[in-house]
Structures are given as C-alpha cells and as structure tokens.
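Feature list (source: Swiss-Prot):
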DOMAIN    10-61  domain 'LIM zinc-binding 1'
DOMAIN    120-171  domain 'LIM zinc-binding 2'
MOD_RES   95  phosphoserine
MOD_RES   111  phosphoserine
MOD_RES   153  phosphoserine
REGION    1-5  region 'Interaction with TCAP'
REGION    94-105  region 'Interaction with CLF2'
MOTIF     64-69  motif 'Nuclear localization signal'
C-alpha cells in the first residue's frame, strides 16, 4: 500500500510516524510515546536503548534475555537482583547479622540519631555532607576552604597544605618555598665582596 505524504510506520504500533514525533533506532522509526522497552515498558532514550533484531529493550531487560548466562556471569554493576538461585537447585543461606557494638550515651538527640559529624579545622563547627570539601585530609566548609594568608577561595587544583593549614600555591611559594637568587623573588640582599 503506498504511503501518500505520510511518514514512516512506527515499529511498535504500526501507525504513521511524522517527523516531529519520530525517534529512529536501528533503522526503524518510533513515536516518542511508543519508544518503550518491549519487556518492562520502561520509557527509553538513546542512552538506555538496546536493540535486538526488530525489538527494543532497556539495557537491563536486554541483558537478562540476551546476555551471558550461568554461574559467574553477573548482571553487571548497577543491577540488583533478588534471584536466589532456587530454580537452579541452589540453597539460599542468609548470613547472620554481626552483633552491634555497644554505644556510649550521647547527650544530643541529633548526634544519637545521625552520628557525630566531623569538625571544620578553620571554624570548629560541624561539617555536613552537603557543604563538605576535603583538603589536607580533613573536611572543610566550602566557605572556610580559603587560603590562610590572602583569603582566596581554593579548589583542588590550587590548594597546598602545611601544618594543617591551607594555602593557595602563590602564598605557599612566597612563604614556604625556596629563597635566594634564581628562585623568583629575591628575599635577601646579596653582599658583594670587594
């Protein structure tokens, strides 16, 4: 049957796909609304699609159907499975939970609930994950992550530490770097012997 002025046929629903709603995969056209995994019906995009002949799948379902199988072939990183192997005649044994260590009493309700947080070396206040920057092996607030001399904001590429304090590379070189002739800034006057 001729296709008079219409677009290609959708690989899922077989209806006409017009250019504005078309997604192409593996030489076939799909409506944006039809571009779903044929197994789990999860919506797909160019980064999550895996094609097999004329069928499209999400990467997880594709791996289950067409990936390697057997003992030693995991489903890959990021895939959780509740398969215990009973269908293979394997016995699932849950490992015993380790005994919890005795905890000391903590006066703060927040500390007891969420654990003690680390302290910022500059201001001495608690550093929480959302504001944490690591420097010199210690946690800092983003606002405290500055050069101790000039106050310039630091990044991982321009930070140096000495004796637990942070410095930008310029201040570190001026204050702790080598001195004398041939090392940039002449800090001592050289006396001429006559």
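Note that Cβ sites are derived from N, Cα and C of the backbone, with glycine treated the same way.
When averaged over the region 'Interaction with TCAP' (1-5), pLDDT in the model lands at 57. In terms of DSSP secondary structure, the domain 'LIM zinc-binding 2' (120-171) contains 6 helix, 20 strand, 26 coil. Here the motif 'Nuclear localization signal' (64-69) has, by DSSP, the following mix of helix, strand and coil residues: 3 helix, 0 strand, 3 coil.
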